[in-house]
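J.: Got a structure for you, written out below as structure tokens; questions coming shortly.
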Amino acid sequence: MNFTRRSLMAGAGAAAASALLARTAGAQSFPFTPNQRYPDPAVQILDPSFGKYRLYSSTVEQVATGMRWAEGPAYFPEGGYLLFSDIPNNRIMKFDEKTGQTSVFRANANYANGNARDRQGRLVTCEHSVTRRITRTEKDGKITVLADKFEGKRLNAPNDIVVKSDDSIWFTDPLFGINGEWEGNKEKSEQATTNVYRIAKDGKISAVLTDLVNPNGLAFSPDEKKLYIVEWKGTPNRSIWSYNVGDDGSLSGKTKLIDAADQASLDGFRVDRDGNLWCGWGSNGALQSEPTDIGGRRVFQLRGKSEDLDGVMVFNADGKPLAFIKLPERCANLCFGGPKNNRLYMASSHSVYALYVEAHGAV
């Protein structure tokens with residue numbers, strides 16, 4: 001490739017514009033210093049069986065910062081990059097593993113939330129406000145609308161998304177994106193319930209679940225015979241439900257697999273090849289029943305300290321806690337990536353963190 005002064009200046013201008021957009025539209029960037037000691041004390045083993053998944057000489061790293069609420073990470077191995085949403089800033093970001101640089105992949109992203117890579121290497125996205133739809137970004141950059149209505153009524157606020165090996169697309173549709181002005185526009189729901197949907201390979205959309213209150217994260221077991229879904233309701237605690245998946249896409253055998261602790265909250269999660277669930281974790285915001293005196297003020301404090309709860313909780317396929325990865329920010333969602341599919345990317349409030357592990361993503 002021949003570089004001229006004009007092309008170099010154009011490239012520099014584009015880079016500067018991208019950096020300026022990231023800086024002016026972003027939030028506070030937070031410094032982070034990885035632990036120097038091995039093994040990283042941030043990786044807390046709760047059951048000895050997790051020992052085989054910990055890399056002794058790997059530490060938690062901060063790979064990007066400056067977001068307002070990082071969500072929906074999805075890794076693209078053919079390009080060696082991670083895409084993730086910065087919802088309040090209404091953009092999708094791109095972290096390039098080769099250069100270590102973060103840039104704006106898509107501005108005005110309709111408050112995109114969950115993202116996934118389909119089996120053909122295309123981006124599928126939950127646009128959870130304004131357009132309230134599921135889209136696919138084609139290889140040429142064009143955007144195809146896969147679903148924006150069910151039974152003639154607009155979707156609520158598509159939240160998280162997964163793609164099955166039969167090319168069907170599954171997503172949750174709670175109310176978060178239309179409940180207020182922070183992550184989109186406040187609007188009325190047209191649906192009577194908050195559903196889980198399946199888009200078949202032929203494009204037909206069906207509601208596979210209608211009885212969950214604000215379904216959130218979802219993931220399949222490695223053999224795709226189980227579907228796990230987070231139910232995000234205030235009380236009782238947030239839970240992960242397990243379902244049997246039929247050949248026709250039907251769900252049965254609803255079983256509670258994981259119940260978040262009284263002070264904690266589940267969000268997005270992923271499953272590794274051994275069937276373990278790696279779950280975004282943090283404070284659920286519940287307040288103590290009685291106020292505490294602080295400087296003469298009666299303050300209702302959180303029942304659980306964020307600094308004790310923020311991170312990633314790992315469970316085995318039976319729902320037994322195996323480990324906790326402590327982070328300085330609440331983890332909303334995560335995915336596996338890297339050349340060997342063993343780098344855990346954790347989208348966490350203002351930043352994205354990464355940790356190499358001896359586990360590999362199931363998909």
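Keep in mind that glycine also has a Cβ here, set from the backbone N, Cα and C atoms.
What TrEMBL lists as signal peptide is 1-27. The domain 'SMP-30/Gluconolactonase/LRE-like region' feature in TrEMBL is assigned to 69-350. The feature divalent metal cation binding site is assigned by TrEMBL to E71, N216, D267. The feature substrate binding site is assigned by TrEMBL to N159, E183. Feature annotation from TrEMBL assigns active site, proton donor/acceptor to D267.
Give me the structural setting of these features: burial, nearby parts and distances.
T.: The local packing around N216 (divalent metal cation binding site), expressed as other Cβ atoms within 10 Å of its Cβ over all shown chains, amounts to 28.
E183 (substrate binding site) carries neither a helix nor a strand DSSP state and counts as coil. Sequence-distant contacts of E183 (substrate binding site), defined as residues of its own chain at least six apart whose C-beta falls under 8 angstroms from its C-beta, comprise W69, I87, P88, Y111, N113, H128, S129, F176, G177.
Under DSSP, D267 (divalent metal cation binding site) is assigned to a strand (E or B) in the three-state scheme. Other Cβ atoms within 10 Å of the Cβ of D267 (divalent metal cation binding site), summed over all protein chains shown, number 23.
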J.: Where does N159 (substrate binding site) sit by DSSP, helix, strand or coil?
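T.: The three-state answer is coil.
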J.: If you count CB neighbours within 10 Å, which one among the binding-site residues E71, N159 has the smallest count?
T.: E71
J.: To test your reading of the divalent metal cation site: which residues beyond E71, N216, D267, same chain only, put their Cβ within 8 Å of the Cβ centroid of those residues?
T.: N113, G114, N159, D160, G217, V230, W232, G268, G280, A332, N333
J.: Please name which of the binding-site residues listed here, E71, N216, D267, is nearest in space to N159 (substrate binding site), Cα against Cα.
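T.: Result for N159 (substrate binding site): the nearest of the binding-site residues is N216.
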